[in-house]
């Protein structure tokens, strides 16, 4: 029995050695297709759902972003193309406006050689400015030797203020003699003002021929220099005064009226309300106009105090010999009750002393009630700072101009 079992085992082992090893099993097509679909599905799932999972952005938003990016790229390409194509072309001329005034540029026309010359002069084209126009009348009274000038109205004046408007008034005077000047009332914020004012110059008819009438339109500035809007110059030789003249004329860019520099004066003001005491210190002057033959002057200062046009007191400084830059540092005190200080006018005149004849006025300054510009601002600063001296430089004005302004009714 033991021998038979041993033989059987040996026979089985021999059969196992003789059997060929089994080959690899054929691949399952169904399994590989299923695996490929899983990988594809996983890839697209990650592609489409991963941004949505992290940014929480819907598909339509992603599409919109793509469209915008493509549009930007297209615009950039178009701009580059247009710039390269139109590089040699010149832009069209446009109407420009500067300082509230319309400027029209004339285009030069020409072909061939004339066209080339025109292109070379494009930078030097003349500019025509529109200042507006003025209606006026002229008449002469031969009986009384009077030239009667009427300022009626203006239209389409240039805007000089930041708000697109102006505060116009008209100054009327004769050249070369500027002794007598007239001014219309200021029309606030109006580019088409109506004046209807008449002014009379008493000039003999024989003397009119060599003179020129100037109608100058200004923009009023309360705290600074008045700007020239435009002007009309009328040579009296070209006017037939045998009959009245009534017409409109365009304003031209008037050169600013040459203002003769008379000098500057430094003044200190101090007011004590409790004591009712006003102290005026004439400190110094500079660059005064030379009045003597030797190119110098003998200046002194006269201070006049007025209340509602009535003279209250007057004071004088000492005379400084042979100088155009005198130093005074002289103080004058006036008793002015607090109830009257608002209506007080201070008139300061610089004179050139003359031993033999009358003293000649170099210039004048108006400070206080009714004044404008620096004169009003200095007075306001003094009232706003009681008990404290407030110093200010003032430009001297012609005496006749200040006296003329004082005659006008005050508001």
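Using N, Cα and C of the backbone, Cβ positions are placed for all residues, glycine too.
In TrEMBL, annotation is done automatically, which means it is predicted and not curated.
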Residues flagged as region 'Disordered' in TrEMBL, choosing from 54-90, 91-127: 91-127
Region 'Disordered' according to TrEMBL, located in which of 1-35, 141-175: 1-35
Structural state census, the domain 'C2' (130-249) (DSSP three-state): 7 helix, 61 strand, 52 coil
Overall pLDDT for the domain 'C2' (130-249), taken as the rounded mean: 88
